[in-house]
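*Asks:* Structure in structure tokens, see below.
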Amino acid sequence: MQCALYDAGRCRSCQWITQSVNEQLSAKTADLHRLLAGLPVEQWCAPTGGPEQRFRNKAKMVVSGSVEKPLFGMLHRDGTPVDLCGCPLYPASFAPVFSALKPFIARAGLTPYNVARKRGELKYLLLTESQFDGGMMLRFVLRSETKLTQLRAALPWLRAQLPQLKVITANIQPVHMAIMEGETEIYLTDQQALAERFNDVPLWIRPQSFFQTNPTVASRLYATARDWVGQLPVRHMWDLFCGVGGFGLHCATPQMQLTGIEIAPEAIACAKQSAAELGLTRLHFQALDSTQFATAQGETPDLVLVNPPRRGIGKPLCDYLAQMAPRFIIYSSCNAQTMAQDIRHLPNYRIQRVQLFDMFPHTAHYEVLTLLCRL
């Protein structure tokens, strides 16, 4: 992949960009083998990749410059702004949105936040696109609610220019720190969730719910989990750290009892909406801490699927799973190092199957799916 920003030394986010995709995949596979050394693996499945460029469904843009000439991108190490509108990871459909937003910011009087001076209102623009229908969600991250009236007044012009904007919000982030978003979300449209669909499974994206940024590879990840679960005798399943329910919704059958647990209420609202659309009445999603939920249960499911953040599931949950001893565990991880540490805390399980998913091309990161079977 060619990138003018990388060639000019202005952006180093894609640190592996000079390597071919095959070289990157080989290096990631070697890293995974190294991390799982000493843990016998019955089957290494072929790694799964995706597009080399234009694959991201989300842009996170720092807004800098002036209200008349805003700049979208990031701040360089030396503090100077870098325009990322031409980033080759973004789909072509993002360009007209960025183009329309620049005059809109002037119309709405949204002064870009100046980090050095601690002045201004508009900190970030967060844009997400659905692969299902091309609909988009736009979030204005503001320092305060001061400009909300002006923002609302100017919105009809923006929506006329960009009818693909289905969900628009203002997120209030008052803290002078490099924090992407605050707790307060103010909806500026009637529609509050973006419709997505992977493998004929309806999914929903809300402003403060996590969603994978590489939909092509994510859909293959979910489909693989569904295939694996379909080969197992599973009637009762837990989906821990379930997010918007991608794994559970793919794996569930009308006969299966499934409980999905996620600490973010916004994500659980998405999962419940999807389950209702599918007519799956034995699926139950709850906004709880996954470890606290699991350790409070007296029953043992046939399978526990975990998809934790980078820190992994941790020793307390590992210890409880080892004691509870479900017949199967499926571990989906964006950090194979912590996954390997967790698996070593599950001595009564063998690794039946491992598959790498290249969710983050041009970086050292990847997703991995692992099936563990009780000895």
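Just so you know, glycine gets a Cβ as well, placed from its N, Cα and C.
Per Swiss-Prot, the features are:
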BINDING   Cys3, Cys11, Cys14, Cys87  [4Fe-4S] cluster binding site
BINDING   Gln212, Phe241, Glu262, Asn307  S-adenosyl-L-methionine binding site
ACT_SITE  Cys334  active site, nucleophile
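In the displayed structure, how are the listed features positioned relative to their neighbours?
*Replies:* The Cβ of Cys11 ([4Fe-4S] cluster binding site) has 19 other Cβ atoms within 10 Å, all protein chains considered.
Around Asn307 (S-adenosyl-L-methionine binding site), the same-chain residues at least 6 positions away in sequence with a Cβ under 8 Å from its Cβ are Asp239, Leu240, Phe241, Cys242, Gly243, Phe247, Ser332, Ser333.
Counting only same-chain residues six or more apart in sequence, the Cβ atoms lying under 8 angstroms from the Cβ of Cys334 (active site, nucleophile) belong to Pro309, Arg310, Met359, His365, Tyr366, Glu367. The DSSP secondary structure for Cys334 (active site, nucleophile) is coil.
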*Asks:* Out of Cys3, Cys14, Cys87, give me whichever of these binding-site residues has the highest number of other Cβ atoms within 10 Å.
*Replies:* Cys87
*Asks:* Across all the protein chains here, work out how many other Cβ atoms are within 10 Å of the Cβ of Phe241 (S-adenosyl-L-methionine binding site).
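*Replies:* Neighbour count, Cβ to Cβ under the 10 Å cut-off: 23.
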*Asks:* Just to verify a number: CA distance, Gln212 (S-adenosyl-L-methionine binding site) to Cys14 ([4Fe-4S] cluster binding site), in angstrom, no decimals.
*Replies:* 18
*Asks:* Can you count the other CB atoms that lie within 10 A of the CB of Gln212 (S-adenosyl-L-methionine binding site)?
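*Replies:* Its Cβ has 23 other Cβ atoms within 10 Å.
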*Asks:* Calculate the distance in Å between the alpha carbons (Cα) of Cys11 ([4Fe-4S] cluster binding site) and Glu262 (S-adenosyl-L-methionine binding site), and round it to a whole number.
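*Replies:* Cα to Cα, Cys11 ([4Fe-4S] cluster binding site) and Glu262 (S-adenosyl-L-methionine binding site) are separated by 34 Å.
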*Asks:* List the residues in the vicinity of the [4Fe-4S] cluster site, defined as same-chain residues other than Cys3, Cys11, Cys14, Cys87 with C-beta within 8 angstroms of the site's C-beta centre.
*Replies:* Leu5, Tyr6, Ser13, Ile17, Leu84, Pro88, Leu89, His362
